[in-house]
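What Swiss-Prot says about this protein:
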DOMAIN    17-182  domain 'CP-type G'
BINDING   ASN61, LYS62, ALA63, ASP64, ASN134, VAL135, GLY136, LYS137, SER138, THR139, GLY178  GTP binding site
Amino acid sequence: MATMTIQWFPGHMAKAKREVTEKLKLIDIVFELVDARIPMSSRNPLIDEIVANKPRIILLNKADMADPDVTKQWVDFFAAQQIDAIAIDSQSGTGVKQMVAVAKEKLRSKFEKMMAKGMKRPRAMRALIVGIPNVGKSTLINRLAGKHIAKTGDTPGVTKAQQWIKVGKELELLDTPGILWPKFEDEEVGYKLATTGAIKDTILNLQDVAVYALRFLAAYYPDRLKERYALADIPEDIVQLFDDIGKKRGCLAAGGVVDYDKVAELVLRDIRTEKLGRLSFDRL
């Protein structure tokens, strides 16, 4: 597969990395947020270096949008590596209580030692939530805090400044903008990030992204693809598949010619709004 180089390291991300590194000494535990649909592709390869030896829990967010069977496989995969991983949904709150409980258990011995050294009462756990843009960091913070504090949106990179937020008496959160590597070494990773909306639609050619997505759907979810677009069968030729979908859905330009840009936008919108059901693009 050809190497795809994309420069993607905005100034605010470089600043976030620097500030996170400076503040790690204040933090007890790290919540690493990933997209449950792409748990590996949405991880930052620098995260191990940045987090170093801090206790960590991987949160597979947007689990309500991911294939539940595949999500369970990923949770088991991380568990086999002695990494706690929890499937959550920051929108509905599924799994959120569990993440706090697991964090308390992971830090139990540390706090017991602090108490033994004379700390009169346990202080709040200090946690860092980190992840690439658009995996739901701000939504999770709002869910934990019970109010709208962090600015949220569907534009990657919307969270700009770090902030401490108290969540009851047990938890203090440092929200930090997502960190994404400066270039993708793997073309497929880029397409997965684009398909799920983790990177801006202006970064990659949308037709190329849709080609990737349709081929994936044809391989892993053919019945859903046929049902959604009323296809009798799925042609092997990708151009024919674009044509079939375009004609069925009226994605036409002047003269009745299929508008491939419109088809690409339709398919990606359908994926992102769950019109094709719960999908997982990273596979073990």
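Every residue gets a Cβ built from N, Cα and C, even glycine.
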Close in space but at least six residues away in sequence, with Cβ under 8 Å from that of ASN61 (GTP binding site), the same-chain residues are LEU33, VAL34, ASP35, ALA36, ILE88, ASP89, SER90, GLY131, VAL135, GLY136, LEU140
For ALA63 (GTP binding site), the nonlocal same-chain Cβ neighbours (under 8 Å, six or more residues apart) come out as ALA36, THR71, ALA87, ILE88, ASP89, THR94, GLY95
In the domain 'CP-type G' (17-182), averaged pLDDT is 84
CB neighbours within 10 A of GLY136 (GTP binding site), counting all protein chains shown, number 23
